[in-house]
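Q: Sharing the features that TrEMBL gives for it:
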TRANSMEM  26-49  transmembrane segment
DOMAIN    30-434  domain 'Oligosaccharyl transferase STT3 N-terminal'
TRANSMEM  123-147  transmembrane segment
TRANSMEM  153-171  transmembrane segment
TRANSMEM  183-208  transmembrane segment
TRANSMEM  214-238  transmembrane segment
TRANSMEM  250-275  transmembrane segment
TRANSMEM  281-299  transmembrane segment
TRANSMEM  311-335  transmembrane segment
TRANSMEM  376-396  transmembrane segment
TRANSMEM  403-420  transmembrane segment
TRANSMEM  426-445  transmembrane segment
COMPBIAS  485-506  compositional bias 'Basic and acidic residues'
TRANSMEM  520-544  transmembrane segment
DOMAIN    589-648  domain 'STT3/PglB/AglB core'
COMPBIAS  760-772  compositional bias 'Basic residues'
């Protein structure tokens, strides 16, 4: 009888395989760490075009206020910062800085400054502020990796991190010099979401505590924290409604609400709003619901089914009474507020037409306008086409983490469609979904190529021989012991023909199913290679667009403007020229009036007191300035004189073609002023519903202070008075100013400064009687300049 020689496995074979697996995992971890380091360097360096092409300078308007506050914090300390009353803004009201500012960005930059100086790295405050945003962009990319890894694995996490490091929407608010709240807030947003998902996956109370701390940092950094405190309760409610409640969900949510709300109330700008405003009520309602659900699950595990039904009936009866009472109290509290407990910006998100109807000061801000379709392609580019694929991938299979990612992308898409500024919240979600889609596509295509290469390179026959046969043959060759043992078992156990047929049928069916499953997952080799090349081409197109956006579209600081023409590059440094003139040629206590857009820059760069600024907290004060700009010269002089104004600053772009000037913003001044002072009516400034500055303009428009201060002596530039922004000749060319005098106009006429003339002296030679008579007459006939 022939015997089969068995080959004993080499000693330590299993340990060798496990050791090889551990080595492979360690190498993968080191490689992932190296890739993450490169992604961080990419996210930091791609934002330095503004410094390389221009100079290290603060951008835009709001960052100048943050820079000024950071200077004060570093110079005077944290206690003086909390109690700082700034008398150089909102004259004569002033502003309590410590209680009206989100301190996260300022405290972060101040801490970086202290750490660098402790390490003997003597960087200036301005340099630290300029580079804070690029540094936190790298942190945001790493946080995106952690979040996406919890949702769909390491490959998707690395892809999403690389996409976020370059996405133009995020670059627009985090370029070097963009020292605004969003610079650190986006990192805080993503990191808070990561810790929530991490807690949800692990049920760890440690991560839940870290989640509350991350939420606290987000509250300190940006008012957009309300997005977090509404999105997470929505996800918890979704999990409960779909039967996915667990103790991990309870641990992930409840500590966040309790600790997070207590910590948020410590931030002065938030305070009791953390429990008193409607933006937070959803979190408390879900907090009650999850406790009711937890009680139901606990009672269900303790009682018998019959007793459980009785208990449920009792709990539902009592619970309905309590819920009705709580809802009645909430409705009464909310109804007592004119805005139903919501802030104006929140109502604008829920009702996009609300701001234009009731709060024109919010609608006047360009970043509060809804975006256009081209802006989506500009800000997220090809990610817009990959997001649907990522959403589908999240359902295969659907988990708690992937359902949160889907909810995040859906809500952020809506809010980005309402307000262009919230494209910044949508960008991380788009990068996560695109990263999941790209990673999954690469996995399928590379697996298909890898699966078919052995058959292509080996000696197996082509045709209909499946890849499964190749794998099975390879497995048999690789493990001869298994084949020998299998043959021995078949020799020992020889069933009858009848039983053999019965046992053979399911085995054959199972093998057919496995082969069919493998064939369904494998794409043709040529199609897989072409698809991989197309994905690489798509990624290259995305990289090229992102680099162009970072270098050209978002690198120019608004304080210094440039234009390219046939005779070279032209630099317009008029803003700093005007602020320097104010700083050197006016008294320290002089007050400067301008539209609110330029308030932060005037205070920070010229160190002069302003009437209004970009904080826009007092609508009446802004309406007063808008009314003055909309009024005739004499009435405007009376308003400004009552506010102790010495100089008026006007931004004018008609000579060089700068479109963001005060003439283009003038209708918003009319609307805001008319909202408080009814004698200012928008139709008085329109001709047949059209806004015109040519010879068809209305007399009210031509006699307004804004028109006169913008176009005074403008006809002297070319003899025609041709406005390059409005593309027409002005209507009123030759006129004189009686109550204002021009004191400075910048080189390109972009900023014009006027001084209020002093009131005329009394006429001499009059008797006391006539003086008294004239004074009494003037007193009776004098009108309130604000009405």
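Note that the numbers count up from 1, one per residue, in the order the chain is shown.
Placed from the backbone N, Cα and C atoms, the Cβ positions cover glycine too.
I'm curious about the neighbourhood of these features; can you describe it?
A: Residues 28, 32, 35-36, 39-40, 42-43, 46-47, 137-138, 140-142, 144-147, 186, 378-381, 383, 423-424, 426-428, 430-432, 434-436, 438-440, 442-443, 542-543, 545-547, 549-550, 553-554 of the same chain sit 6 or more residues outside the transmembrane segment (153-171) yet have a Cβ under 8 Å from a Cβ within it.
With a cut-off of 8 Å between Cβ atoms, the residues of this chain six or more beyond the transmembrane segment (183-208) that come close are 104-105, 108, 132-133, 136-137, 139-140, 143-144, 146-147, 150-151, 170, 173-174, 214-215, 217-218, 221-222, 224, 227-228, 232, 246-249, 251-252, 255-256, 400-401, 404, 408, 424-425, 428.
Packing against the transmembrane segment (250-275) from elsewhere in the chain are residues 82, 98-103, 196, 199-200, 203-205, 208-209, 211-213, 215-216, 219-220, 225, 229, 232-233, 236, 283-284, 286-287, 290-291, 294: each is 6 or more residues past its ends and has a CB under 8 Å from a CB in it.
Predicted-model confidence for the domain 'STT3/PglB/AglB core' (589-648) is 93, expressed as mean pLDDT.
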Q: So which residues does the transmembrane segment (281-299) touch in its own chain, when a touch means Cβ under 8 Å and the partner is 6 or more beyond its ends?
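A: Contacts of the transmembrane segment (281-299) (Cβ under 8 Å, skipping residues fewer than 6 from its ends): 229-230, 232-234, 236-237, 240, 245, 249-250, 253-254, 257, 261, 275, 308, 311-312, 315, 319, 326, 330, 334, 341.
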Q: Could you pull out which residues elsewhere in the chain have a CB under 8 Å from any CB of the transmembrane segment (426-445), counting only those six or more residues past its ends?
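A: Hits for the transmembrane segment (426-445): 140, 144, 147-148, 151-153, 155-164, 167, 169-170, 186, 189-190, 379-380, 382-384, 386-387, 389-391, 393-394, 405, 408-409, 412-413, 415-416, 521, 523, 528-529, 531-532, 535, 539.
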Q: Any residues 6+ beyond the ends of the transmembrane segment (214-238) with a Cβ under 8 Å from its own?
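A: For the transmembrane segment (214-238), the nonlocal Cβ contacts are 102-105, 107-108, 181-182, 184-185, 188-189, 191-193, 195-196, 249, 253, 256, 260, 263-264, 266-267, 270, 274, 279-280, 282-283, 285-287, 289-290, 345-346, 403-404, 407-408, 411, 415, 422, 425.
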Q: For the transmembrane segment (403-420), give me same-chain residues lying six or more residues beyond its boundaries with a C-beta closer than 8 angstroms to one of its C-beta atoms, as numbers and ranges.
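A: Apart from its flanks, the transmembrane segment (403-420) reaches 151, 193, 196-197, 200, 227, 231, 234-235, 238-239, 242, 244, 348-349, 352, 366-371, 375, 387, 390-391, 394-395, 426, 429-430, 432-433, 436.
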Q: Summarise the domain 'STT3/PglB/AglB core' (589-648) by DSSP state, stating how many residues are helix, strand and coil.
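A: Reading the DSSP string over the domain 'STT3/PglB/AglB core' (589-648) gives 33 helix, 8 strand, 19 coil.
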Q: Within the same chain, where does the transmembrane segment (376-396) have neighbours whose Cβ lies under 8 angstroms from its own Cβ atoms, ignoring anything closer than 6 residues to its ends? I mean 6 or more beyond.
A: 151-152, 163, 167-169, 172, 402-403, 405-406, 409, 423, 426-427, 430-438, 440-441, 538, 541-542, 545-546, 549, 553
